[in-house]
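J.: Would you mind keeping the following structure in view while I ask a few things?
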Amino acid sequence: MRSSLPYSVKDVHYDNAKFRQRSYFKVMTQNLLTGSRKRDYLSCSTGKFLVLLLIFGLAYLLLTSTTPGDFVPNRLDKASENNQKGEFKSNGGINFRNLWRKPPRLPPRLPPDEKGSNTSYHIDPNTLISESLWISRQQKVKDAFIHAWSGYKRYAMGHDELMPLSQQGTDGLGGLGATVVDALDTAMIMGASDIVSEAGSWVEKHLLGRIKEKGQVNLFETTIRVLGGLLSAYHLRAGEYGKTFENEGPKPAVYLETAKNLADRLLSAFTSSPTAIPLCDVVLRDSSAHAAPGGLSSTSEVSTLQLEFNYLSTISGDPKYSIAAMKVLEHMKSLPKLEGLVPIYISPDSGQFSGETIRLGSRGDSYYEYLLKVWLQKGARENHNLTYLHDMYEEAMKGVKHLLVRKSVPNGLVFVGELPYGSSEAISPKMDHLVCFLPGTLALGATKGISKEEAMKKSLLSFEDLENLNLAEDLAKTCFEMYEVTATGLAPEIVYFHTEEYSEGGHDGGNKNAKYIDDIIIKPPDRHNLLRPETVESLFVLYRITGDPKYRAWGWQIFEAFERHTKVNTGGYTSLDDVTTVPPRRRDKMETFFLGETLKYLYLLFGDNSTIPLDKYVFNTEAHPLPIETNIQK
């Protein structure tokens, strides 16, 4: 049983009362009326005389003293950080409005046990920027999205992805127009009406026909990008966002019916398998399925289907989708694990894990993400039948902290390594950029989507939750430093860390001024950048939960680097071959997740917390928001 912290809300704002300013008049009258000697003062003529003298003296001071004018401390931005001194104006007499102004309250201090910790709010004045500036920065992200879409529409409309340098499309995801569907709910959230209309109209006219005639697709990629995108578009179009786009694109039913048709075909991956573990590839036109070469499926892929299939069952009224997907997690519950951690391959034939490699990067990552998110989606504490998911998540996070978390040398960056051969051999200090989903997941698991402050007010945080939140912040810093150490300011696909046991010279990131350049190793094959979203995803979640403005500042720095080095003038953005040199060598590819995830998370990071709140939505692993079941209008 989890223990609640032995404190209440008074510990969050424990010294508000201590620092609440009171007027001179209130202090004097309180002392005069309640002091133990008031009767002695007022019982003699000398005392009365001194009281009158004091009153007249104070009146004289109020009438003749210099009165501070209105003083409003400006929030700082980069352009004005060195010119933010308050100005006071002197008046010869009294300003009676100022007499009755209530003195401002000082902000609350953190309890003593949080001072200096990684979770305290170290407010750097350079990051306290006006909300109007964040609105303008959010608009710049929207402009980037429109620029990305314009290139795709001009050169690759209907194809899966844009090749922005050669100005053509490519179909590496089955030919279902993946960018269209991945980008659709981002356009809705941003209020990009023209793109909502263009993407929605394409879905209505073309996607169902593509689904019926196309050949092989990957179950996982098609579920998270296309099915997830359709379901999110359905929800947003049918809800409050639909009022904005009432005349743009099709009615919500079009998205739902298309999603059902696609999911019916994808179900063959489950029904064709001899176990609860689905096959990894589906032939859409004849609803058949087969295993990958070698017969194995990725652990993350088979366990990252449940949010989408659960929501489809909820809105369609047909439980078959949820039943098929949830059998996977129910089956995995009974399989042997290493302190909650699992190998990255699983066999559909035997239903057993295969191999010993354990990592939270490729082929392992979203297994851990969906343990938490499916539990949240189904009502968390209100659904006692699914507590096993949360138990599996908590056990796994303990295993991560015990077996995989290490620190680099010489500067002590916290990172998550890998076990290439299970627990029998040493940990590898290798960390994929994909692992940068973990800070956001840890923070979400700690507070269940509400702010840290609110969770503390309600005494909802256990010591383990706070420990996980600390780890989330440490790992988010490491993920940001993976950008900071490179010459371009963009992270590579994979890094290694210098440790006491592992060192390799000559492979730094190219930014000689970076503090952690000696901690991070970037090998030549790993220097590419695919416009990935995982770090900005975690920055978004951590900003929502902690309120710390540094996460916005880091996100803006990353966005500016994307603008400098990946923007293609003719339209679109491109991935890079090498982030350690300037100018970087460019690849000819704009991944669908740049529009579906990266720009969406940046837009939400710079926006209002009420947009897609984390206690009412879960984001699937492709950043498509789906409502938590307790918030679905029946």
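Using N, Cα and C of the backbone, Cβ positions are placed for all residues, glycine too.
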J.: TrEMBL annotation: Cys436 disulfide-bonded to which of Cys280, Cys479?
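T.: Record-based pairing for Cys436: Cys479.
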J.: In Å, rounded, how far does the Cα of Glu221 (active site, proton donor) sit from the Cα of Glu493 (active site, proton donor)?
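T.: With the alpha carbons as reference points, the distance is 19 Å.
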J.: Below 8 Å Cβ to Cβ and six or more residues apart, same chain only. Which residues does that give for Glu493 (active site, proton donor)?
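T.: Residues satisfying the criterion: Asp432, His433, Asp526, Arg527, His528, Asn529, Leu530, Arg532.
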J.: Just the number: how many Å between the Cα atoms of Cys479 (disulfide bond) and Thr621 (Ca(2+) binding site)?
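T.: Just about 18 Å between their Cα atoms.
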J.: Distance between Thr621 (Ca(2+) binding site) and Glu534 (active site) at the Cα atoms, whole Å?
T.: 10
J.: Tell me the Cβ neighbour count for Thr621 (Ca(2+) binding site), meaning other Cβ atoms within 10 Å of its Cβ, over all protein chains shown.
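T.: Result for Thr621 (Ca(2+) binding site): 26 other Cβ atoms within 10 Å.
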J.: Looking only at C-alpha atoms, tell me how far Glu534 (active site) is from Cys436 (disulfide bond), rounded to the nearest Å.
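T.: Cys436 (disulfide bond) has its Cα 5 Å from the Cα of Glu534 (active site).
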J.: Could you state the CA-to-CA distance between Cys436 (disulfide bond) and Asp365 (active site) to the nearest Å?
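T.: Per the Cα atoms, Cys436 (disulfide bond) and Asp365 (active site) stand 10 Å apart.
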